[in-house]
Amino acid sequence: MDLDSSMVPENDQDPIATSENQSPMEEKEEASEQQTGSESESASLTPSLPPPSQQQQQQQQQPQVTAVVGPRCAPTYSVVNAIIEKKEDGPGPRCGHTLTAVPAVGEEGTSSYIGPRLILFGGATALEGNSGGTGTPTSAGSAGIRLAGATADVHCYDVLSNKWSRLTPYGEPPSPRAAHVATAVGTMVVIQGGIGPAGLSAEDLHVLDLTQQRPRWHRVVVQGPGPGPRYGHVMALVGQRYLMAIGGNDGKRPLADVWALDTAAKPYEWRKLEPEGEGPPPCMYATASARSDGLLLLCGGRDANSVPLASAYGLAKHRDGRWEWAIAPGVSPSARYQHAAVFVNARLHVSGGALGGGRMVEDSSSVAVLDTAAGVWCDTKSVVTSPRTGRYSADAAGGDASVELTRRCRHAAAAVGDLIFIYGGLRGGVLLDDLLVAEDLAAAETTSAASHAAAAAAATNTPPGRSPGRYGFSDERTGELPESAPDAVVLGSPVAPPVNGDMYTDISTENAMVPGIRRTSKGVEYLVEASAAEAEAISATLAAAKARQVNGEVELPDRDRGAEATPSGKPSLSLIKPDSAVPNSVIPAGVRLHHRAVVVAAETGGALGGMVRQLSIDQFENEGRRVSYGTPESATAARKLLDRQMSINSVPKKVVAHLLKPRGWKPPVRRQFFLDCNEIADLCDSAERIFSSEPTVLQLKAPIKIFGDLHGQFGDLMRLFDEYGSPSTAGDISYIDYLFLGDYVDRGQHSLETITLLLALKVEYQHNVHLIRGNHEAADINALFGFRIECIERMGERDGIWVWHRINRLFNWLPLAALIEKKIICMHGGIGRSINHVEQIENIQRPITMEAGSIVLMDLLWSDPTENDSVEGLRPNARGPGLVTFGPDRVMEFCNNNDLQLIVRAHECVMDGFERFAQGHLITLFSATNYCGTANNAGAILVLGRDLVVVPKLIHPLPPAITSPETSPERHIEDTWMQELNVNRPPTPTRGRPQNPNDRGSLAWI
């Protein structure tokens, strides 16, 4: 059975451009060392100039403006001489296979470390009309693949060692097939569809799990109807969540349907989408690649009339759930199908392809790049302004050697960092077995300069309806916020992830691009009940603080009453200092939020990698009653256990040595905590001496990393240390400080690990590691939400209760805020109704308990911003009676009063790990992922450089391990008590899910 028409045979010799058995990574490192000024990043990323004619045109139009550089041309490819120790280790000649990049596993430098890999699956190893894979067909008109030669083999190319090997996974493999699809979900490869010796393959999803030392095949159970058997279709993981399957051929005709599987919703189910907008026609042999921000780009293909297509289409999901197609801007250099395409940051690299009738894409058009930041196509020569009319005859061999290398079809491509790999394919009736590589140095150049330089070339050649900038194809925000306004807070064009997990990305296509606007969700009528949880525990304390204020026990001058000083509920304008007032629309010179955020792709451990357990919002319930937290007698008896002495300095070192393992830490098999109460007492004594000597408001310097709520999710803390540097002499503690914004305990399963490690780091690096207090650093709160239970469960009732009391006494000494460079203030909650000046916080005397605190302390630890920038003044807080939310006007007033430019606070779970408010003058930060196993949120930190540019860095939630499903005994033993706690006392809902609009006029519950 033939899948396509023939390819006219040619006798080509592929040049060998790389040195023998040297990995592309090693070549890249050597090339970097040979460059002059290799230490300068900008030197290696300088893009090429536009063509001379374009330069002259730009100079004529703008004679007074220096010409800007444009997008780089497509890179050239060379052959990789990979190591193949045994014949079966090499994939050999084949076509119709898939090549998928998989990130590294394990800790680098250890025996268990496995570097980035390319996984090759399936494909055809023979052609119709000949028995060998590399021979000439018996007929020039019949060179279709021989389905009897389709395989289910798995081969692995280790990028670092430059070595091929054949894998023999456990489990039942998929049937032999070609023209199938595959995509990576973390360290897993999902395979679907295709055609083999028995005909069309079933629509089942097969997963190759590479998280373990030996890979394993799994079959994913999917309910309901799905795409059905098909081949020549496309599939990609969009937005780290949706598996999208599009088009192909069902054995009768080409298709144009779109199917989505939400990996965050169980049971798994395919859903047929009906996207709006102008989409691609029914076609097969196209390519689909997902950009990191959730934009899917479908390129090329062959329609029902066997005509090759040139257009590219973007598919994006709106915040309201709608999907929409849009035609990508720019002019493609050539139509094509059976090509390969892969994103490297914001640049889509397209290679090879067929034109039908035995012809292939040749000349400079055989390699092309769609620069989605600039909105233009480039080939190996220049920006493309019209379709190329080069030679496309099948007998035109010779010419540029690099072009000859990529003149092929039915091959496969994958990217590792800024390296693009191509394997195999078909050329002139000959199956290929070569591995090619190219390096895209322009991958990081997603700049407004590139957009401006390309605009002149693209403006007059953009067909009607192809609007650059739709769905972020180009950086349309450049026109709104030019580079001449350096202090504007901008979210820049997204850049796709390299395989090591790091990526630069626009902050999620599902999020509002306008600061202060949040997503909504169904079931919001349940949020009022859920959000009353923690406030119920603190309501008595808040009432006592108000009573003391009324009775004069706590003196608050008029200026300290904030919004309460005016009948309208808004702050008095007289409170704003005339000499410090700044425009509300632009942050003053100095502090800026970087236009990109660094994201770590979700690691995997389940059947579909990025799948995260998710509970419906209607499962949130009100908090239950308190539990007892022991008696003074039990605490006194426990204290008598301290009958031995230990060196003060030995305990912190023991803790750091035992716990600071960013890549190697695993939850202990035994829940018994590794420290006894004597050691914890020594650790607390050492840390308390340091905290007592520090001011209530810390004075810190940049550079510094800022962490939000951790809530006992120690694994997330280790992942953040692993991805973005750890506080050790082997890490980055010598040149950057660490600041933690509170809520170290409760909710998570490893509060003891979290707080003891942070205290040990404070003792070891007291001038570099800084901790301030959160609302859960209080006995009344952490008695209810997990910390006390964990202490008892892991240390025994007597020791556990004593340790819980001792750590809470230490919490009373924690500083309450931090000023960075006197321009940024960091706190846990917010400014509430009462805080107008930093001096109010500085005047709070420590140690202090919640019961003894004032309204200022309550606001500092408990208040939140309002729903969005349009809600000003003060509003009741959904957390519970007596608590408030504050609007953007309060933020601006506070910044003006104190000559500040930014407030960084934690306290609320936000979907992307960080969220802007008050036109970027306030950032909410949350570092724990998938809060309480229900929120499915990312975790983030902020990195403030010496230039006061704030860079968000994110990690995604980890999915449940496939080897330990939710119903397994291991998982049941591990977290039964914590699951019960979260069911009985659900967390405060994720920020951005507002109250039901029908209930907004009814706030009597406050």
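Cβ atoms are placed via backbone N, Cα and C, with glycine included.
If you look up Swiss-Prot, you'll see Asp709, His711, Asp743 marked as Mn(2+) 1 binding site. In the three-state DSSP classification, Asp709 (Mn(2+) 1 binding site) falls within a strand. Around Asp709 (Mn(2+) 1 binding site), the same-chain residues at least 6 positions away in sequence with a Cβ under 8 Å from its Cβ are Leu741, Gly742, Asp743, Gly774, Ala906, His907, Cys909, Phe926, Ser927, Ala928.
The 10 Å shell around the Cβ of Asp743 (Mn(2+) 1 binding site) contains 28 further Cβ atoms across the protein chains shown. Asp743 (Mn(2+) 1 binding site) carries neither a helix nor a strand DSSP state and counts as coil. Positions annotated as Mn(2+) 2 binding site by Swiss-Prot, on the basis of similarity to another entry: Asp743, Asn775, His828, His907.
The compositional bias 'Low complexity' annotation in Swiss-Prot covers 38-47 (among others).
Sequence annotations record features per position, and here Swiss-Prot assigns compositional bias 'Low complexity' to 54-67 (among others).
The phosphoserine feature in Swiss-Prot is assigned to Ser616 (among others).
Taken from Swiss-Prot, the feature phosphoserine applies to Ser964 (among others), supported by similarity to another entry.
The region 'Disordered' annotation in Swiss-Prot covers 1-67 (among others).
Marked as region 'Disordered' by Swiss-Prot: 454-494 (among others).
The region 'Disordered' feature in Swiss-Prot is assigned to 552-579 (among others).
What Swiss-Prot lists as region 'Disordered' is 982-1006 (among others).
Annotation comment: Swiss-Prot describes 138-184 as repeat 'Kelch 1'.
Confidence across the repeat 'Kelch 2' (242-290), taken as the mean pLDDT and rounded to a whole number, stands at 94. Look at Swiss-Prot and you will find 242-290 tagged as repeat 'Kelch 2'.
Taken from Swiss-Prot, the feature repeat 'Kelch 3' applies to 295-345.
Annotated repeat 'Kelch 4' per Swiss-Prot: 351-398, in sequence order.
The repeat 'Kelch 5' annotation in Swiss-Prot covers 419-465.
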- request: Enter the number of other CB atoms within 10 angstroms of the CB of His907 (Mn(2+) 2 binding site).
  value: 28
Listed in sequence order, residues with CB under 8 A of His828 (Mn(2+) 2 binding site) and six or more positions away: Leu741, Gly742, Asp743, Ile772, Arg773, Gly774, Asn775, Leu860, Leu861, Arg905, Ala906, His907
Message: Please list, in sequence order, every residue of the chain apart from Asp743, Asn775, His828, His907 whose Cβ lies within 8 Å of the Cβ centroid of the Mn(2+) 2 site.
response: Asp709, Leu741, Gly742, Gly774, His776, Gly829, Leu861, Trp862, Ala906
Message: Other than Asp709, His711, Asp743 themselves, what residues in this chain have Cβ atoms within 8 Å of the centroid of the Mn(2+) 1 site's Cβ atoms?
response: Gly708, Leu710, Gly712, Gly742, Tyr744, Val745, Asp746, Arg747, Gly774, His776, Ala906, Phe926, Ser927, Ala928
Counts of helix, strand and coil residues, the repeat 'Kelch 1' (138-184), according to DSSP: 3 helix, 20 strand, 24 coil
Task: Under 8 Å Cβ to Cβ from His711 (Mn(2+) 1 binding site), same chain, six or more residues apart: give me those in sequence order, or none if nothing qualifies.
output: Asp743, Tyr744, Val745, Asp746, Arg747, Gly748, Ser751, His776, Ala928, Tyr931
- request: Could you tally the C-beta atoms, other than its own, that fall within 10 angstroms of the C-beta of Asn775 (Mn(2+) 2 binding site)?
  value: 28
- prompt: What does DSSP assign His828 (Mn(2+) 2 binding site), in three states?
  reply: coil
